[in-house]
């Protein structure tokens, strides 16, 4: 049991339920298919017990699978780290620079955000990733980034195996017409394959090749985006309001930024609440900027009134084909509307809008908040817009 705990740390046993989600199901299915087919095709193409090259190829393949799963499960189960419920700074004077979370009934520490999916304030939240069904944040940032690096490398290796297996098995069966292309097949022809390469095997290999190439491209792009965030400025935390702003957590060099996340022990530096900052900044430089962001959003919000009922469906066919097919590709919630409801919209597309439903005083005192997407055709802009004036007393609330 101690051996297993060194690989995956479960905060609680109920964390296993994170596997019961479409993201981990798809991710683990792709890993299983690519790994299984790569192992089988390695046996067909390059038997590992006959040559040194075959042994190295097989060991590397197993190594990719183990490392990918190790970092994937740690990113999922270790988690990002959460701000304690009801947290407040030791110095009460600092609360004026912090936002208050009504759900967690505490103040948001610098760099933290409240995640609607996890229903907690997350330390150094980057984003909520559906593929691990958890947030990427302070404690699992290194595991998540390592997974994004290893997955394309492993899939690239698997893709080479798939291509070479199909080529070697079809080499004598189909004339490719490549009179000038010669590949030395002597090393891989020293034995007869243990498994026949039939038509179903060819179809399965071709399917696995598509998954491997698609994963290499998609996850590789995510890796480069994550590296930019890790070494420079996280975009979720940087919101300009027209003033000169120095990102406080950029320590000046990429190497110093890198060492804040990746350590030899595997545990990131810091406690997730206080951070080393740029010499020209202080602990609350970013939180002050976020308060300005909130005020700016309230000024820019537009008041709408619902003119049609909406049940909160993700793809409502009754609201028109364009609304059905142009539904936002996001896990952000849809909010049901009743005729006469008032909504403060902050952004939107041609067919959908995003905003907060105006609630009763009792609901607001209870800490309720209804926020999400709704079809644009279900609302009309109010002739009088009191959005800015109605929210002046709610400056530091989640």
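Placed from the backbone N, Cα and C atoms, the Cβ positions cover glycine too.
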(message) Can you identify, from 53-73, 74-94, the stretch that TrEMBL calls transmembrane segment?
(response) 53-73
(request) Name the residue range among 126-146, 147-167, 168-188 that TrEMBL annotates as transmembrane segment. (result) 147-167
(message) According to TrEMBL, transmembrane segment applies to one of these ranges: 201-231, 232-262. Which one is it?
(response) 201-231
(message) From the DSSP assignment alone, can you count helix, strand and coil residues within the domain 'SH3' (304-382)?
(response) 16 helix, 27 strand, 36 coil
(message) Let's see if you can do this one: DSSP helix, strand and coil counts over the domain 'Palmitoyltransferase DHHC' (96-231), in that order.
(response) 68 helix, 16 strand, 52 coil
(message) Counting a contact as 3 or more Cβ pairs under 8 Å, with residues at least 6 apart in sequence, do the transmembrane segment (201-231) and the transmembrane segment (53-73) touch?
(response) no
